[in-house]
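As written in Swiss-Prot, here are the features:
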DOMAIN    7-222  domain 'Radical SAM core'
BINDING   Cys21, Cys25, Cys28  [4Fe-4S] cluster binding site
Amino acid sequence: MPPTPEVGLPLWLLAELTYRCPLQCPYCSNPLDFAAQGQELSTEQWFKVMAEAREMGAAQIGFSGGEPLVRQDLAQLIAEARRLGYYTNLITSGIGLTEARIADFKKAGLDHIQISFQASDEQVNNLLAGSKKAFAQKLEMARAVKAHGYPMVLNFVTHRHNIDKIDRIIELCIALEADFVELATCQFYGWAHLNRLGLLPTRAQLERAERITNEYRDKLKAEGNPCKLIFVTPDYYEERPKACMNGWGNLFLTITPDGTALPCHGARQLPVQFPNVRDHDLHHIWYESFGFNRFRGYEWMREPCRSCDEKEKDFGGCRCQAFMLTGDASNADPVCAKSTDHGIILKAREEAETAQLAIEQMTFRNDRNSRVIARG
């Protein structure tokens, strides 16, 4: 067994400001029972979190949700993050964004805005978002972000209902003069895991989409267009797991709306007691808490991970995925072909070939559905 690696610094702080959101995306990574979570942190409590994380080495902060724009103190939080020396990111649907708020955020020192789209087609986008005005608002705000001097960074979550239109998605991004485009195939956590049958593309769909993306990359390069296309494949079509979050509690720190501290944004579902910033400072949470030490190093590993010569590269894969698919977070990530549970992934691929679940049949992420799930 190699020596336990030194604990890294929490360089990347994800501030999940709220679970409130005007949209109802069926692939949202928020917890299914978000409606039953506790009271949101106050402005002053977030200031304390940001200051403590910065003292520990955090360099970049992402403001997300839910929809972070519903927080009326967002400009204050951005300004304080800037004062502390963070590189600041706003991760938003664009719903609730206005020219005036963009100007306020610019004045507060915001460095980066990423706007998410559900599809290139207005009808599909609005259906997935649960809002008839979502698409038009997103287009308007994407242009406004660019007009205020920000790079245009767009995120399209792709899945079986929109991935066959990847060419239209890319054409829309080119028309908008986007600088960076993330074509991120759905990752199956939270609501996406619940709706997997309606979201997981087939292998043929993925291969076609990646081929078309590569063709557009070549075309953009030949034309001297600086637009960068980033294509992200789902774990379910890999044979080896990802080094999730660069290792458990090693780089990435999430603070949820109620102050729960997590080593990744999906960890809340695990049967692990995670600390809260209302009760402990971040130094204690990061270095001493049980939750953040639970899957550090290699001692927790079972076979085949324990004796695997790749464990220092992938850390056994994703603990949340292992828990969701096998019921035990200490098991190998079933994505790995060496896992005795890899058949779960193979079965999911097979089911994707014949799945018939329509968009309208999926369970949408909203308060009503969340309350039903929370009641069990």
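Note: Cβ is positioned from N, Cα and C throughout, glycine not excepted.
Owing to the predicted nature of the structure, the values given are computational and were not obtained by experimental measurement.
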Cβ-centroid neighbourhood (8 Å) of the [4Fe-4S] cluster site, Cys21, Cys25, Cys28 excluded: Leu23, Gln24, Tyr27, Asn30, Gly66, Glu67, Ser93, Trp191, Arg365
Neighbour count (Cβ, 10 Å) for Cys28 ([4Fe-4S] cluster binding site): 24
Other C-beta atoms that fall within 10 angstroms of the C-beta of Cys25 ([4Fe-4S] cluster binding site): 25
For Cys21 ([4Fe-4S] cluster binding site), the number of other Cβ atoms found within 10 Å of its own Cβ: 24
Confidence summary for the domain 'Radical SAM core' (7-222), mean pLDDT rounded: 95
